[in-house]
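K.L.:
Pasting in a structure now, in structure tokens, and then I'll have a few things to ask.
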Amino acid sequence: MQKKLQETEEKLHHQTVLNQHLNLQLSTVRNQPEVQIEGLNIEKIIQQEKKITGLIFYYTNLKHSTFVTLYNILTEQQMPVFPKKRKDVKTMKPETQLLLTLMRLRHNFGLKDLAARFLISTQSVSEIFSAWIEHMYLILGSIPIWPHRNDIIRNMPSQFRVEFPDTLAIIDCTELKTQKPSSLKLQSKMYSDYKSATTLKGLVACDPMGNIIFVSELFTGSMSDVEITAKSRFYNFLEQLILTGYIHHGDSIMADKGFTISGELQNVGLHLNLPSFVNSGIQMCQADVEITQKIAAHRIHVERAIRKIRTF
């Protein structure tokens with residue numbers, strides 16, 4: 001009996017020592033700082049570029065140096081405004097917020113996808129994206145991108161300079177498909193016969209080198225090229241360019257045959273280079289054929305510029 005009692009006491013002592021040891025381990029674990037799991041951020045992307053070349057370009061379509069320049073331009077004078085100021089928005093660095101915005105623009109990642117990548121709420125993703133888009137529109141939209149006529153002429157392709165020496169810009173409209181709105185009235189306004197879909201439509205101008213120098217706001221897809229050119233205040237913009245000496249009276253704008261705006265440009269003091277119209281049963285003369293072919297060959301620049309916008 002005494003032997004069994006002794007064995008029981010030894011077992012209890014052993015169990016007590018074991019419990020004390022476990023409590024000590026548990027206390028040590030509790031006192032350790034909590035491991036913070038970080039979401040995707042610009043620092044991680046830059047670090048991973050050492051192993052995965054071109055990662056930031058893949059996510060944003062910008063080189064790292066260009067990304068830094070863009071960020072500096074956007075934040076030089078003011079930062080985006082966040083009305084709700086969520087906690088996870090406050091703690092995210094502005095550079096990472098811009099990264100998130102460009103990733104959504106480039107790849108159309110969903111809100112939940114980005115929330116999982118950056119470890120924030122979907123509401124915060126939406127707030128960040130909306131705030132930065134508005135901020136980018138205000139800052140970048142105010143930067144003049146139309147070069148002086150001397151710069152345009154100096155950099156013209158040699159063949160373009162021979163054939164259209166006074167033509168400073170090539171214009172065209174582009175359409176972007178959208179989700180069908182619930183309003184039947186808005187559906188009608190946004191429906192494009194050309195695309196057979198609801199679209200938004202804008203005016204784009206590029207110089208003879210193919211550099212984009214004007215982009216209008218977007219309008220409903222049912223509007224014609226002529227209507228959009230007028231609504232975009234393009235003529236007012238050209239008048240301002242003349243007043244500042246960036247273009248001169250007598251300079252020309254090149255367009256496709258849908259832009260029957262010769263009169264409007266004449267009122268501004270400019271000319272229109274337009275392909276000749278083909279009348280039913282009437283053959284074009286050789287001179288008209290040649291000018292039409294030349295214009296078609298050079299209009300490829302604005303088509304390439306629009307393709308860059310559409311495939312960003």
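Cβ atoms here come from the backbone N, Cα and C positions, even for glycine.
Pasting the relevant annotations from TrEMBL:
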| type | residues | note |
| --- | --- | --- |
| DOMAIN | 93-139 | domain 'Transposase Helix-turn-helix' |
| DOMAIN | 171-312 | domain 'DDE Tnp4' |
K.L.:
For the domain 'DDE Tnp4' (171-312), how many residues does DSSP put in helix, in strand and in coil?
P.N.:
55 helix, 31 strand, 56 coil
K.L.:
In the domain 'Transposase Helix-turn-helix' (93-139), how many residues does DSSP put in helix, strand and coil?
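P.N.:
Residue counts in helix, strand and coil order: 40 helix, 0 strand, 7 coil.
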K.L.:
State the mean pLDDT for the domain 'Transposase Helix-turn-helix' (93-139).
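P.N.:
Looking only at the domain 'Transposase Helix-turn-helix' (93-139), pLDDT averages out to 95.
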